[in-house]
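Going by TrEMBL, these are the annotated features:
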- 27-267: domain 'Deacetylase sirtuin-type' (DOMAIN)
- His134: active site, proton acceptor (ACT_SITE)
- Cys142, Cys145, Cys167, Cys172: Zn(2+) binding site (BINDING)
Amino acid sequence: MSLGYAEKLSFREDVGTVGMPEIFDPPELVQNKIEELAVMVQKSKHLVVFTGAGISTSSGIPDFRGPKGVWTLQRAGKGVPNASLPFHRAVPSLTHMALVELERAGLLKFIISQNVDSLHLRSGFPREKLSELHGNSFKEICPCCKTEYLRDFEIETIGLKDTPRRCSDKNCGARLKDTVLDWEDALPPAEMNSAKEHCGSADLVLCLGTSLQITPACNMPLMSIKNGGRVAIVNLQATPKDKKANLVIHGLVDKVIAGVMSKLNLQIPPYIRTDLVQLTLRHSLKKKCVRWTLRVTSIHGLRAPLPFIQSIEISFPERPDMKPVVLKEQPFSLQRETSMNRSFFMLLKLNFSDGCSCLSSSIGWPVDFQKQKDSFVRDRTLVIRELQCAAERESCAGQQEILERECSPRAETAIHAIVTNIVRYDMGDDKVPLPRDTGMNSGGSNPAKRDMEGTGCYPAAPKKLKYFFLKDGKLNC
């Protein structure tokens, strides 16, 4: 897995205490504490969850201060640890998905996250109920109009620097910036203010997988105590705030949360990931022939990568005169010349990279240069939700649906949504199932407009969250 975030951080000698021993409460004690925590959650009127790197270790992302954490190994001169999956293909843990269900059940009001892995948003947790204190490695923001863009690839920079892309608003067009903080960067005011407001209103702050050492974030959970609230901590290591907490559980976060969900009679929903791909066919007339170019690109633009596609096989059923081809380098592009009087059917087989729960998906494309198709835009949220519901019912990834088609006399562009991952969670197991060919490591606000994937068989996202479509080569609302 790419640990670019850790490698891009400026050097800092003092990163706090690292490499502390892990503590495991006896099984019987853990069970008693799980029952106590379940009662606390059930009785809470304003539950806030405060998360750290420990909730993502079962997703294959190393933590920072554990025995094999990033900073622990760096201090020992061993460099950045290896991980099991590309960062962009990591799946939410059991805990991430349990928090989604707690919010849907009306029990969880807000999450404050110190992580930059985007797994809370990837899980489907509402953006307006999430404060990302240290930023997001997959998110860009326009410094002028504050539009957020959630990507399916890791942003190139950290430290609030300019990125290669610009705001899609035709009245703005400002250069976008990354959102991940470096050591000396101040916490973003909007995220921090929302976090403080909810901590002050909370009657229970549940800290999960965090050593509570990074200031000023680590002091926020204690704000609830001043107003009569309580604090519960689930972490494998001791924290500086343990003595002030009402409950401390030393155990695996996934196992504890699975136990709490069981006591609350709540099911943990599956994670269903949907990726988007854009197909463009442009052509020009040349006597009785047509010279055409096919491009398969990200909806974020030609220069943005498609990290979930490894290669594309293109064939032409019923046309033996047209040779098949395999595209292995991005941007995926194919140029051909053919008779304008002969239609054909083009079959694209998208071969997926590691981290997908299926090997490939196929898209059929009938081409007739003498007929122009109709343009349309479907309700993206509704189509993706229906697609994911169907994938969940049939337990089958690789299904796809067209979201949008734009046709002109010389070009046709289509955007497809493809289910590339389905992960189910066993509440009796403290490990999260990972996709094929992967390992596992043991154990990184005010509402804003955003561009992100829909997830789950649930009601559509609030109207305040904007989705973006590609028009004439540019992203537009």
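Any Cβ shown, glycine's included, is placed from N, Cα and C.
Please treat TrEMBL annotations as automatic predictions, because they have not gone through curation.
Predicted, not measured: the structure shown is a model, and the values here were computed from it.
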Fill in the blank from the handout: Students should find that the Cα atoms of Cys167 (Zn(2+) binding site) and the residue listed as 'active site, proton acceptor' sit apart, in Å rounded to an integer, by 22
Exercise for the section: Measuring Cα to Cα, tell me the gap between Cys145 (Zn(2+) binding site) and the residue listed as 'active site, proton acceptor' in whole angstrom. Expected result: 20
Practice task
Starting from the Cβ centroid of Cys142, Cys145, Cys167, Cys172, the recorded Zn(2+) site, name every other residue in that chain with its Cβ within 8 Å, sequence order please.
Solution key: Pro143, Cys144, Lys146, Thr147, Ser168, Asp169, Gly173, Ala174, Leu176
Fill in the blank from the handout: Rounded Cα distance, in Å, between Cys172 (Zn(2+) binding site) and His134 (active site, proton acceptor) is 26
Completion exercise
Around the Cβ of His134 (active site, proton acceptor), other Cβ atoms within 10 Å, all chains included, total 22
Handout entry: Fewest Cβ neighbours within 10 Å, where candidates are the binding-site residues Cys142, Cys167, Cys172
Key = Cys172
Practice task
State the mean pLDDT for the domain 'Deacetylase sirtuin-type' (27-267).
Solution key: 90
Problem - Cα distance (Å, whole number) from the residue listed as 'active site, proton acceptor' to Cys142 (Zn(2+) binding site) - result: 17
